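Asker: Have a look at the structure that comes next, please.
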Amino acid sequence: MYGAGGGRAKAERKGGVKEEAGPGGTGTGGNRVELLVFGYACKLFRDDERALAQEQGQHLIPWMGDHKILIDRYDGRGHLHDLSAYDAEYATWNRDYQLSEEEARVEALCDEERYLALHTDLLEEEARQEEEYKRLSEALAEDGNYSAVGFTYGSDYYDPSEPTEEEEPSKQREKSEAENLEENEEPFIAPLGLSVPSDVELPPTAKMHAIIERTANFVCKQGAQFEIMLKAKQARNSQFDFLRFDHYLNPYYKFIQKAMKEGRYTVLAESKSEEKKKSGPTSDNEEEDDEEDGSYLHPSLFASKKSSRLEELMKPLKVVDPDHPLAALVRKAQADSSAPAPPTADGTPAQPSQVEYTADSTVAAMYYSYYMLPDGTYCLAPPPPGIDVATYYSTLPAGVTVSSSPGVTTTVPPPPGTTPPPPPTTAESSSGVTSTTTTTSALAPVAIIPPPPDIQPVIDKLAEYVARNGLKFETSVRAKNDQRFEFLQPWHQYNAYYEFKKQFFLQKEGGGSTQAASTAEEAPTETAVEESSEAGEDGAPEGMAETGGRGSGKKEAGSSKSTVDGKLVKASFAPISFAIKAKENDLLPLEKNRVKLDDDSEEDEESRECQESTSSVANPSPAAAPPSAVVEEKKPQLTQEELEAKQAKQKLEDRLAAAAREKLAQASKESKEKQLQAERKRKAALFLQTLKNPLPDAEVGKLEESTFGVEETGVMPCPLLVGGRTLPMLEGKPPERPSSRCRDPPREEEREKKKKKHKKRSRTRSRSPKYHSSSKPRSRSHSKAKHSLPSAYRTVRRSRSRSRSPRRRAHSPERRREDRSVPTAYRMSGSPGVSRKRTRSRSPHEKKKKRRSRSRTKAKARSQSTSPSKQAAQRPSAHSAHSASISPVESRGSSQERSRGVSQEKDGQISSAIVSSVQSKITQDLMAKVRAMLAASKNLQTSAS
């Protein structure tokens, strides 16, 4: 293919060259560009096997024995056979030098910054932060009037008549600079009041002293951690070398700092500025008047200010820590000098002596720990930096209410313009908290000064944006060095307020979801523990009643969750439990493992459940009794170690119980599948046999009796072991009658139940598709059994239903007894749909029995054509072998008397016969499942032994 193309290209090239050279006389005369292409013929051989091997990677070999990394023979990594020399585990510096926790944390942060570009799009992140910054600026501009540009009518305002800065002679500036240089470079002389030790070296110049003085003052106010921050930031600045311990001026800096903390030192820079202020007004009064006259403007020409209630409320209230030793020393010095105490920020006089201060510490702490929020409410100040939140708030008096979040504890605000209320007198006497001068108060707390109204919206907006977008947005805003956002610097006076608002918005953003999640997690465990402990003391019904009274959510969790600490607790349902809609996943293990004997009436069933619950409380198994006793005894006095040990034990028991449940479920599933296959084969054979040669009714009865006999032999007494607890035995005989106390429910409930039965029966008779309506309360797992009958088979059964129904009465009491010996949970199957139905109404098995009895009585009436009086006389004898209570018989009799006049009686008899045949097959299904579960439990018991 290449050969032909190459020849064509050569021909074109030659022709093109000739054409170009022909008309123009030169090679460059035409527009065509010369192209030289060579082509060679090539044969391709198709090798499918090698291509397939290449695709499957058969030519690749594992690199250094690692099958995850496959290389071919041309890969350069094949030359690397030993990486131990380059392994980071052996060759890094960290092997010799162990990092502390803080250093490891910093190193991890550095690694995150190093490799940030691997998993983050930095350009997109920067664009997003820029967008957020623009939004913040727009939001601030919307709130304020042209607040993007600070417009002032001062001396800096441009005036055309005045000379500009370039034209202005710079003599005055030179003079001021020279004066400053002279002041800064003059040698430092220690003031008279400061007695510096002889071994401490003084700074050479006044400028150096001023830097040391201001640094010491800042560290005294802000706390010792700011000294570390300053040292890190100013590491390259030679003027701050005195912060290093080996510097010759460090002892002088420490001496000044100590003197400031003890109150023996006054700042020289402040005193100088005060002197200038005092001397200034006397000399410059006339000049100021002239300036005022020159720059006077009518108030209407000024920019409009926001007039809001905030201006009245927002008064700068400085928070002073009364427990600080410096404040105590100042008060003591003032009391010793017997000078009148200066009023504080709000005009309240300071405490005159140390004794009064200690006695009144709760009042002072209550007063000074408040500060006003923008909405007029008062709020507790957040703890100073470097102090643990728990220890800080535990030292506060008991009158101060403290919430879990630092600095967001709002109290009832006093009316605006008044001071916060003092604490009640009872709080001081009831709490054992005295005045605390703890070690944590050695660090001076940050004075949270609410900003003025023009700055406060900016701080609030930025704090809200940072809480929403994260701390990276704050660092990006801080890096822009915008004058409006100077409060982001830690040395700024409004930084503490900004930090407080940021924490407030952070908690507002993330507090609700975590709180809801924590309450949702705590609720079921609390109710379950309470239920188990109460069941150990007073029996299960009382525990159910107590937990039920605590709220609908807790009642639901308490009734449905009976697995506490990994042990399967026997669920003793009180009559109220039938009105509770239980969760599907919670009831599944209960339905599998609860073994109760059932009778035909609901009252007997409830009384038997009561009897079983009392017997299980009276004779508990040894595996489950000790934990409940431990909970009873050690509930009031559980230490931290005991709690941890108990939690570890509970986790271990949880794992063991979960493993046992999984094994049981797996075994039951496997055996269930095998049993189901065998049952399907047997049913298919029976069905084909009935289609080929229909059996007479007596033979069908014998067949069904034989199947039930086989199932009865399979039901052996076998205890189920789940979670270290034995459940009651299965027995083939019907149970004894329980006590009359539990047997007799109120008569009103009986009447309501009768009414419900009559309504349901009349509803099922009035519908035309009887087959579907009668089998509705069954679970979804039996839908195949319901619909497996073809239409031809249904018609055959319908034609024979009249003659069969009287004869089948012969073996029906036996089947009823056999059904009675099967537990309710197994008869219903373990599906959640069935369990839900059971909680609302009677079990499907009882409905099944009632429908059978109804169809039999109707068929009897049709075949024998007896009078109503005879039929009424024969009815008690027909039901005497089956029912123990009188109310079901009466209800059946009354329902039959009402339904005699119904026009659709014939259709009802036919459909009831079909339903009874389908029900017999479903009952066989259920018995097969029971056998499978029992076989699985036997296998589990033998493997455990």
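Every residue gets a Cβ built from N, Cα and C, even glycine.
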Asker: Of Ser435, Ser601, Ser739, Ser855, which one does Swiss-Prot label phosphoserine?
Answerer: Ser601
Asker: For the candidates Ser279, Ser283, Ser762, Ser779, I need the one that Swiss-Prot annotates as phosphoserine.
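Answerer: Residue annotated phosphoserine in Swiss-Prot: Ser283.
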Asker: Labelled phosphoserine in Swiss-Prot - which residue from Ser781, Ser835, Ser903 would that be?
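Answerer: Candidates were Ser781, Ser835, Ser903; Swiss-Prot attaches phosphoserine to Ser903.
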Asker: Within 10 Å of the Cβ of Thr639 (phosphothreonine), how many other Cβ atoms can be counted across all chains shown?
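Answerer: Its Cβ shell of radius 10 Å holds 9 other Cβ atoms.
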Asker: Taking the repeat 'SURP motif 2' (458-498) alone, what is its mean pLDDT?
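Answerer: The answer is 87, the mean pLDDT of the model over that range.
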Asker: Under DSSP, the compositional bias 'Low complexity' (909-920) has how many residues in helix, strand and coil?
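Answerer: In the compositional bias 'Low complexity' (909-920), the DSSP-based counts are 12 helix, 0 strand, 0 coil.
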